[in-house]
Amino acid sequence: MTHFVSAEEERRVRANDREYNEKFQYASNCIMTSKYNIVTFLPVNLFEQFQEVANTYFLFLLILQLIPQISSLSWFTTIVPLALVLSITAVKDATDDYFRHKSDNQVNNRQSQVLIRGSLQNEKWMNVRVGDIIKLENNQFVAADLLLLSSSEPHGLCYIETAELDGETNMKVRQSVSVTSELGDQNNLASFDGEVVCEPPNNKLDRFCGTLYWRDKKYNLTNQNMLLRGCVLRNTEACYGLVIFAGPDTKLMQNSGRTKFKRTSIDRLMNTLVLWIFGFLVCMGVILAVGNAVWEREVGSLFQSYLPWDPPVDNFLFSAFLSFWSYVIILNTVVPISLYVSVEVIRLGHSYFINWDQQMFCSQCNTAAEARTTTLNEELGQVEYIFSDKTGTLTQNIMSFNKCSINGQTYGECLKNRKPRLDFTPFNPLADQDFCFYDDTLLESVKVGDSHTHEFFRLLSLCHTVMSEEKSEGELVYKAQSPDEGALVTAARNFGFVFRSRTPGTITTTEMGRPVTYILLAILDFNNIRKRMSVIVRNPEGRIRLYCKGADTVLLERLHPCNQELMNITSDHLNEYAADGLRTLALAYRDVSEDEWETWSESHRCADKATNCRDDRLAAAYEEIEQDMMLLGATAIEDKLQEGVPETIAVLSLANIKIWVLTGDKQETAVNIGYSCKMLTDDMTEVFIISGHTVQSVRQELRSGHRSGQLHVRLSGFALVINGHSLAHALEADMETEFVSTACACKAVICCRVTPLQKAQVVELIKKHKKAVTLAIGDGANDVSMIKSAHIGVGISGQEGIQAVLASDYSFAQFRFLQRLLLVHGRWSYLRMCRFLCYFFYKNFAFTMVHFWFGFFCGFSAQTVYDQYFITLYNIVYTSLPVLAMGIFDQDVPDKRSLEYPKLYEPGQLNLLFNKREFFICIAQGIYTSVVLFFVPFAVLSDATQSTGVPLADYQTFAVTTATALVIVVSVQIALDTGFWTVINHVFVWGSLGSYFTIMFALHSQTLFRIFPNQFHFVGSAQSTLLQPVVWLTIALATAICIVPVLAFRFLKVDLKPQLSDTPIGRSVGGAWRGASSVSEGRLGARGGSRRSGYAFAHQEGFGELITSGKNMRLSSHTLTDTRLLYLHKLTPLTLLLQQEALFGRKSRAAASNSPGPPSVAKDTSQIV
């Protein structure tokens, strides 16, 4: 039966046979999300760091400085700061990876019960192997991708929550193959030797194809038989599963992207600029080397008798060659390594500001914002696209019964802060203490016995698939398949219609304190096409009634004509609820006569046992009876958003940031949340739905949307909603351009039913085609691949574990903190870094280019202008602290203004503050300053004399004058550049200027010269030079010539071409802000008088059939006997006849049918007779 097949084509797994499975060398269940280990850390990290061109550049300079013939500077001036930069980055990377290792170890060391040699043994997750049988208990995470073998629930059923995989928190049902569902005890499972042949590892969360071979028979396997890693077992005592995929082969890990090395756009630009600067440096070196060759040949040869060349130089060409490398070393300060040290310090400071921000601290969960990386802060100020998860990120996933409309009367309009919360306990001892409602008029309507209100809540207590567990008298626990249903049944419970229990054929309630049991005749199950569900019940008086709830768009069409007036009123209420972003359902009922029920029941049975087109025939049968219904009203449920979500999205939209929602939820739910958080608005021109199942249909829908978008480009915009199966086609290479062009023209984009891998692919697509900075935000494991793919990943420390936080670059507790992270911290970080870089390049070109001009006057001998100690201390002491203070503390507007006027964020998106053009302006200003600082003192001091008549035209006087003028000019320049002065700025700017004079006088003192006569050659130069009035006049003249043009240029720029932060903000962008604000806060009316449905129902098909079959219930004979006795005296002879006929009809059909699935009409109804 078995033969070896390559794992790339298919997978073979034999239960309880590790020796057989190990020959295929399947992956173990150990996962590793980290980048390094102890052996690979040093080489891999250094390799990554030397991808930075600057690091390679400084390594090259270090090698040059080790050659004594060409180096006039000591090698330690380069190796110390280079080692510091590499060490800081390495420690940061090691720390980040340590937390990944810690997370991996935490997961890998979880305990799991593995069946080994007939007994259950505790094993770590990482020791679980393919082919093992493991036991799961309630509320445990699934350790690997398992084939469900058996369960403690009847018929091999179990319930799972897949929030970590797809973001959905509604429960899903999985069922074992019938042949293995009876292998309940360990002895049977230990002897199980079935073999599974299935597809190889892949990332398809909704698909599995395989075959189980056991006892010479084969059984087909589907996704309904699988429990995937990352799921949580719910409402199931225990189950057993066979490991099919482990560790990196699991679908969860297949959907997780690799950890990537992230760099900012400024870092990438810096790499390019460093290459350009190096080219410029080479050009200057060549020019000066050629000058050296010419000078040595024409002039230097005349001095050979008393100034010979140093060995091994023996000709002018070799002298020029060495001169080239000497100038490369001297002029390398155009990009000093202190630049990169300063950048890391500034980024670290910005990270601490994020961590310390009290306005991003969540007091509810005691969680502060955390910058988990220090390398991406300025990128936060350039974000253009945000990709957000829905569940747990935008929403709290808490459903609350908010409003309702009953017989044309709306309830629930009361504001929470105006009325106290209703206390239901005196009225109803079975009420849920956590239920919140504020409108007492609805409770009064129930108390006075209003028939419409009673029927409304009776419908909610009967028309559902909720299971109830009564742990003690009156202590009810509802197990709802979706949070929507749980909220509706809980509302009915509090208003006196308490769902107590069910059997396959009955529903027991307590209505206004009176126990009532209904016969459940049929459940007309929900699906995404019908958009409604119904139950048909017989009440204790024997009357049959159909109760229906569903989307208003489908239910209102099926009402009796006499409901027209009520339908108009209820439609207005539904419109108001939808505008408020609430999830709506319409409710209706109809009475069914005995004859009609008998006829329909027969047609339903025929449809149910049909072998061809069964689903279509059942839908037609459902359609037949769901007609001429009477409208009861509508419900409005609030899917509670995280605090401040609509306001945050509105502010970010005004900042020209496009927000896309990528969710695993169904379309209606995702669209409803889009309206709730004001991503979608009723004044949008159109919301396009892309739902095609083929390449051609998706392409046609995209082109239609793109053409409509071009037609409506001047209107209010349009939105795009695309389903996961359509997105799979849209992401193909031949269609991705069309998808990007259509989607990016939209005001809002929602991708629903998407897998974790598709989330990452969408992010990569925008990165590839738009060259824009992207940010991904999520809270679950299903968001990890998206977070890793985006330029910036943000994790919400929410209810779905910490996987997203561990994979993120920044984390906080609430989505609303995102606006402060971007508009305040991100914008400030970008502004500060840009101003820092502009000033740094300016001051270093001004400092370095003086050497270039001096080369033409010193015989191109690589002689430095300044004292060597000034060269060493210039970037370390004299000018480092002022620019650091500006880079850490500077602001153009306060944080409140940044949030109030989001348009201020746009310069970062357009990259206006530091780009190639700004870089050339900076170096042009630096070169201009160097020309002034060299030639003005040179011209003045050439003919100047001291008061004693001694000439001032000596090298040391010139060096001190130029150095002093340089420090004063760059200090004045940074004073002009600083927009926000703090005490630290004042201390650093004026303190650095004072330190220059203090250190210079000390270095030029007699004391140091006596101690180190060979090291300090400028003895007395400072004192003698700075005592001369002409020197100070020269310094003042040079400063004026350098600064006055800058001042004039800036005044003209502010007047003629101001930036947003330069203008009177209230006049320039305040109007736009206030207009948008009023729209977001007001109620959004429907477009053009039309109405939008607020329908959204997070429910799955199939639960109705489970209930009526009894597969998900444990029913004892005692329970069935009690049920029979309860109803026997209440049934009329006609009812008894119908029940008996239903029994015999079902028995004959059950005998004739080979279908393993039960009919939807309740089998156990007949057992009541």
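Keep in mind that glycine also has a Cβ here, set from the backbone N, Cα and C atoms.
Taken straight from TrEMBL:
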- D389: active site, 4-aspartylphosphate intermediate (ACT_SITE)
- D389, K390, T391, E485, F526, K549, R583, T663, G664, D665, R753, K759, N782, D783: ATP binding site (BINDING)
- D389, T391, D779, D783: Mg(2+) binding site (BINDING)
- 13-79: domain 'P-type ATPase N-terminal' (DOMAIN)
- 805-1058: domain 'P-type ATPase C-terminal' (DOMAIN)
- 1149-1169: region 'Disordered' (REGION)
- 57-86: transmembrane segment (TRANSMEM)
- 273-295: transmembrane segment (TRANSMEM)
- 315-341: transmembrane segment (TRANSMEM)
- 836-857: transmembrane segment (TRANSMEM)
- 869-889: transmembrane segment (TRANSMEM)
- 919-940: transmembrane segment (TRANSMEM)
- 955-976: transmembrane segment (TRANSMEM)
- 988-1009: transmembrane segment (TRANSMEM)
- 1029-1052: transmembrane segment (TRANSMEM)
Statement: One residue among the binding-site residues T391, N782 has the fewest other C-beta atoms within 10 A of its C-beta, namely T391
Query: Any idea what the Cα distance is from R753 (ATP binding site) over to the residue listed as 'active site, 4-aspartylphosphate intermediate', rounded to a whole Å?
result: 12
Field: Three-state composition of the domain 'P-type ATPase N-terminal' (13-79), taking helix and strand from DSSP
entry: 31 helix, 2 strand, 34 coil
Binding-site residues (R583, R753), the one with most neighbouring Cβ atoms at 10 Å: R583
Message: Counting Cβ pairs closer than 8 Å, which of 273-295, 315-341, 955-976, 1029-1052 has the most of them with the transmembrane segment (919-940)?
response: 1029-1052
Field: Long-range neighbours of the transmembrane segment (315-341), counting only residues six or more past its ends (CB under 8 A)
entry: 54-55, 57-58, 61, 64-65, 67, 69-73, 78, 81-82, 84-85, 88, 274, 277-278, 280-282, 284-286, 288-290, 292-293, 296-297, 300-301, 309, 840-841, 844-845, 847-849, 851-852, 855, 860-862, 864, 871, 874-876, 880
Statement: Running the recorded positions D389, T391, F526, R583, G664 through a 10 angstrom C-alpha radius around D779 (Mg(2+) binding site) leaves D389, T391
- line: The rounded CA-CA distance in Å from G664 (ATP binding site) to D389 (active site, 4-aspartylphosphate intermediate) is 8
Statement: On the domain 'P-type ATPase C-terminal' (805-1058), the mean of the pLDDT values is 90
Field: Rounded Cα separation (Å) that holds between N782 (ATP binding site) and the residue listed as 'active site, 4-aspartylphosphate intermediate'
entry: 9
Task: Would you pick out, from the recorded positions D389, D779, D783, the residue whose Cβ has the largest number of other Cβ atoms within 10 Å?
output: D783
- line: Of all C-alpha pairs drawn from the ATP-binding set D389, K390, T391, E485, F526, K549, R583, T663, G664, D665, R753, K759, N782, D783, the farthest apart lie at a distance in Å of 33
- line: The binding-site residues listed are F526, R583, D783; by CA-CA distance, the one closest to D389 (active site, 4-aspartylphosphate intermediate) is D783
Query: Using C-alpha atoms, which one of the binding-site residues T391, F526, R583 comes nearest to D783 (Mg(2+) binding site)?
result: T391
Message: Using a 10 Å radius around each Cβ and all protein chains in view, which of these binding-site residues has the most neighbours: F526, G664?
response: G664
